[in-house]
2 protein chains.
Amino acid sequence: MYFPFGSTYTFHYLRASFFFDFFTSQFHDMIRPLLSQQLPDFDLAAVYVSDAQYNRNIFFDTTPEAIRLYLLYNHWVLRIVVYAFIIADLALAIFEDPAVIPLPIWATTLIELVCLAVFTVRLVHYAKVIPRERFWKDPKNICIIVIILLSLVDMLIYGSLKATGYFAVRWSRVLRPLLLVNVTEGRQLRRAFRSIRNALPQILYVFLLFMFSVLMFSLMALKLFGKKGLTTNDGGAYFNDYLEIVFDLYVLVTTANSPDVMMPAYNSSVFFAVFFIIYILINTYIFMSVFLAVVYNNYKKYLKEEVRQLVRAKRHKMVRAFGVLQERKGEEGPVVTQASWNQLVRLVQPDISNAHRELLWSVSDDSNKGCIGKVAFVQLADLLNMQVIVVKSRPHPLQMWLPSLYLSSPSRLICRMVRHRLFVYAFDLIILVNAVFIGLDEENPLIANAEWAFLALYLLEILLKLYTFEPRAFFSKHEFWNWFDTVIVISALIATIINSVLKSSGGYTSRQILDIVFILRVLRLIRVVDSIKRFRAIINTLIKIGPTILTFGQLIVVVYYIFAMIGMELFKGKIRFFDAESTDPEKAFCGNPLLKNSLFAKHNYCKNNFNNVVSSFILLLELTVVNQCGFTAVTHVSARIFFVLFHIVVVIIIINIFIAFVLEAFFVEYTVDKSNLQSCLEKKIEELELGVKQYVLDSFLSARFFPGYKTVDGLLQRMFEADLDPEDFAEDEDFDPNNPSNVTFPNPNFDSV
Amino acid sequence: MYFPFGSTYTFHYLRASFFFDFFTSQFHDMIRPLLSQQLPDFDLAAVYVSDAQYNRNIFFDTTPEAIRLYLLYNHWVLRIVVYAFIIADLALAIFEDPAVIPLPIWATTLIELVCLAVFTVRLVHYAKVIPRERFWKDPKNICIIVIILLSLVDMLIYGSLKATGYFAVRWSRVLRPLLLVNVTEGRQLRRAFRSIRNALPQILYVFLLFMFSVLMFSLMALKLFGKKGLTTNDGGAYFNDYLEIVFDLYVLVTTANSPDVMMPAYNSSVFFAVFFIIYILINTYIFMSVFLAVVYNNYKKYLKEEVRQLVRAKRHKMVRAFGVLQERKGEEGPVVTQASWNQLVRLVQPDISNAHRELLWSVSDDSNKGCIGKVAFVQLADLLNMQVIVVKSRPHPLQMWLPSLYLSSPSRLICRMVRHRLFVYAFDLIILVNAVFIGLDEENPLIANAEWAFLALYLLEILLKLYTFEPRAFFSKHEFWNWFDTVIVISALIATIINSVLKSSGGYTSRQILDIVFILRVLRLIRVVDSIKRFRAIINTLIKIGPTILTFGQLIVVVYYIFAMIGMELFKGKIRFFDAESTDPEKAFCGNPLLKNSLFAKHNYCKNNFNNVVSSFILLLELTVVNQCGFTAVTHVSARIFFVLFHIVVVIIIINIFIAFVLEAFFVEYTVDKSNLQSCLEKKIEELELGVKQYVLDSFLSARFFPGYKTVDGLLQRMFEADLDPEDFAEDEDFDPNNPSNVTFPNPNFDSV
């Protein structure tokens, strides 16, 4: 399947690509600026700038057709479609055996085939965009092809085995999450995996030393406690099997079985507690800190190298765009004129306002020469990524419609009142009173009616604010809390009305709606945080690192999915959950006689099983929080390997990388808060603000540059860009921007521990 | 009590200072170099240098008497005596009610009085050393006086109340660990406390936000689950009391009650699990990482300021010493001649060898002028702190005594064999085989006898090595593993012989000796780690940060002791432990009817109680590892406050500072390993090595400078010294080296979050 564009700028596409139809008009809108261009060079330059802006590293063909195909490939609708089908493919686990909602095999197979078809189409499209030899060199394309082929093979085998009544395993499901990693858009995720891969050798050495320590302590425990004839809580022999001890002591590192594992020895003699204290000190505290140190150190160094690479690739692309547009003017070197620059920016970002564009130009062309050199041009990608919020100080619409009323003294009094600090404090107080009322019993009619009063007060607050402040400014993009307030209050109002209508009509109360009402009521209280400056600062940092936490979310989903698939094949049906109403005698031991009288059954943990994908995910989350392995009792000893592996991958590696990321992000935030001039990027913004002030005076706009970036890469770059040389244009042609994993720069080598 | 020195260099001391008698001779040895001096200036200069070397910040009087008193004050014997009495004072908790080993009240009171007397003597001595007004300005002196007075008052009240049969509380015991903080030698500990105090405001804001989040989630939980009629595992109502929910959710953050607290809701509906997943994500992962980030960030910044201060104070003292010794020579500025320098070094460090001293001089006097300026002189304190290992390449003593035998070809073959790599590998293999034998059942006579063979092999290894290598080099100070091996093997030999003698004489086996034999056998296996280079690197880092971990040990002891004292007064006797043989019916519920059928009793946790100081410490350790609060069931709800407070202080603050320290130390080690020239100190050593090589050729010594420091301060300084200006001599006289907590430099102000 391919998408050839005729030279007459009309589209031909294959009929089979049914899902393209609905966004043709959308696509035309996007391509229109390109069509109006007579100089095809601008298309190429725009693609380079756009790639630099979003840090895409795709080595596309530079023919006009390939460029247009490439633009289509990067269109946001297509990207969303791909992700929708990946999610659909992953979600199939809900409907496949062992299913939460069982669907017949033909239905799930059909959906999977559609998904695989979509991935194939996408891959073919990609193959058309880039040169053939590059396509086959890129491991991620090979990965996708292999995944698709193996999935087809598995579907065939599984289908035929099931049809003939044999036992069959859907092993290819383990491969599904790898699609998330290997699609073109999974850059962040691939970077995270590369980061892990690079840290592995160092982690391995610490891990071996750690395991050596665990084995030594286990041997000591065997000799010290094995012959003492102590018994565990369930009456079993205590510490007399070496492998059991190793497992118990490994679990002690996760603190899951503390202090149970120590109690028999401690009950026998106080001195034996010393053994466990030393063990916990060395293995839980020191080794776990060393793991964090190693992971953090590697993460930081490798990321630095990656981001350096990314910035070099970005500059390389910008230099290419400059090469396309450059003109010679007077005795100066090659420059780009304001006219070309304007056309380029209009192509790259059609939604940018004229004022904003002029602002960016005035920043680039510091000395007002009408043209800019290479260094100033290269900044464009960064400039476009900067969040510029143009706050127009327009008068309130009411002032225009009813000037006499709006400017009357009572109206002015209201506005003054709303702007006053006490107004904020008054509503903070109301929120606190509301919190107390929520805590009280809502069966009391007085309290149930008070809810209406609170809702009315909150609505009044929003209306008063809308009366005082310009509505478009009030609901502008960066006013998070205004949006939050309004959405919560209006949803609460709707839900409360529905609830009382239901109640008064039939006396019937929907539990779900009531739950939503309660959640909304409590969420409303969060607003109080915004009043306190220090809290706002912390929350803002958390919101800023939010998008990157999503990358870790994907990483966790990939790992959880793989472990869930394996776990389901290995352990499904071993433990059964019985409803609260069930009177089945097997309920007392989760349907497995091996669990009779076990603490697992006594604690009512039966729902912690691998019987479907949802409970598997929840169980894996519990294992992440605390190694809850009652499970291993009912299966082969090899099940323990599953849990130890999961602990190593998730807790030792991924959670530590997560902590490392949060630490680093907070340090960057701290550093930026302290001295604005530290990072060279912050400096750039400082310079910009000077230019802006001049500009603001001219046009009666109040504009602010926020030192924020729109993309996740932005935060990472900001973390490390201070170390980079702004004059380094990466002009050496050896450099391969397509494949940063095979790059020419020496891959960071972390040999010494 | 005071120690006036007559002008004829004889000592008069008060007879009451009975404990001084025994080390008078020792003291004379130390003071002798001073006595031989005609120029009293050298004493003063030596004290300055010594203070700079050990980072003492005591503003002593500069009269000759005060200097001699000051030297006595800093004598290591006196310092050990003070620490011994502090330990004795703290250890009293073992003998006081509730006691591990009960002693009559008069005995413990007598010991405490002696301890208090020693502290008073020490304080009076200190008051004689420093100017009076400085003594009363220093908060740590006031603290000690208050502690002593309050202890006396408490002893009086307690004694009289007990004598009249009333209930009495020994509340002053809480103050005892504060002595550790406030003695002159507790610099590290005070710094750690200052570091915590400085981080507190920031931690507080994050903590308040965290608590706000917990309170909001609790409110939501109350509304969502409170009316659902769910029951917990013990049949109680689930989530229907707000304060209970807050406590449960707080404990969930520590992961101690996961997944128990979630199971009732999860069993009722899968969707409710989402509530707990979001809670754990936000509060356990994000907030706990933010705590670490805040603590780490503050720790790093504050420590940097402290060390900067410390280095400034050190230079200030060295400049003073320079001022005392300086001479004018020719047209150059003030200098110190080699003769004065030699005399000074001999005074400061009498145990230093002539070769070593000349080496240091040749390093300071780069250009061989016979005198050094201020910059070179100031380095002396750092030079003295550097660990210089002079490895003299002496011939083996056997070569001198029996040259014909030792140099014969069989003897040479043995030496070559021992030096060969295979020799190491062979013994690594023997160790592994030994590990397997240890794991096997020692009742088997073959295996019991194999132990003798292994012991013989290890002894043989040591003897062969002693035959090959020069014994003094083999047992030199820095050969950790040689010492380790020899001590372990010889102890194991002795213990095994005693054990078999006991066994053969009466068939009686001492369990204690057997335990020691087992521990020694397993410890022997650790040696294998040294063969693998990567492991050695990690272990070396751990050994290097070892001494500083001891500071954290003291910090933990102070906090544990305070909590243990309070816990014992509040909770002693609430839970009783019964021996395994006991048949008391109360054993089933730990002697407290409130614990009937509780999981606490079922898990056999009865020994986790506050009935004496040892079990209190172990319980607090368990609480540190995992918040094991079954305890709160048997007492008032306010007991929970105790546990939450403990968690905040120990887990959120101290453990995070510990992790921050380990992270920072590892990063320093990594950085140093990567580029030896990074820190300016490392550079200095590089330069030194050049000077050394020259010197080595002259005297046929092979010497190495290790970039290691003898003191804990050294590691900290190395962490941050790279940022300091080597020309900054802190010569402004405003600067107060006595009291770094009231210093003139702006205390770091960490306002923004």
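Heads up, the Cβ atoms here are built off N, Cα and C, so glycines get one too.
Residues or ranges marked as transmembrane segment by TrEMBL: A:76-95, A:101-121, A:142-161, A:203-225, A:237-258, A:270-296, A:422-440, A:452-468, A:480-502, A:538-563, A:613-634, A:641-668. According to TrEMBL, the domain 'Ion transport' annotation covers A:78-302, A:420-667. Look at TrEMBL and you will find A:731-753 tagged as region 'Disordered'. Residues or ranges marked as compositional bias 'Polar residues' in TrEMBL: A:738-753.
Residues 447, 450-451, 454, 457, 461, 518, 521-522, 524-525, 527-528, 531 of the same chain, all 6+ positions outside the transmembrane segment (A:422-440), place their C-beta atoms under 8 angstroms from a C-beta of that stretch. Beyond the transmembrane segment (A:270-296), the same-chain residues lying 6 or more positions past its ends with a Cβ under 8 Å from any Cβ of the stretch are 199, 202-203, 206-207, 209-210, 213-214, 217, 220-221, 224-225, 249, 252-253, 255, 258, 261-262, 652-653, 656-657, 659-660, 663-664, 753.
Residues 451-452, 455, 458-459, 461-462, 465, 474, 508-510, 513-514, 516-517, 520-521, 523-524, 526-527, 530, 543 of the same chain lie 6+ residues outside the transmembrane segment (A:480-502) yet bring a C-beta within less than 8 angstroms of a C-beta in it.
Remote same-chain residues near the transmembrane segment (A:203-225) are listed as 238-240, 242, 245-246, 249-250, 253, 264-265, 272, 275, 279, 282-283, 287, 290-291, 294-295, 298, 648, 652-653, 753 (criterion: CB distance under 8 Å, separation of at least six residues from the stretch ends).
Of the Cβ pairs linking the transmembrane segment (A:538-563) with the transmembrane segment (A:641-668) and spaced 6 or more residues apart, 3 or more are under 8 Å, so the two regions touch.
Over the domain 'Ion transport' (A:78-302), the average per-residue pLDDT in this prediction is 88.
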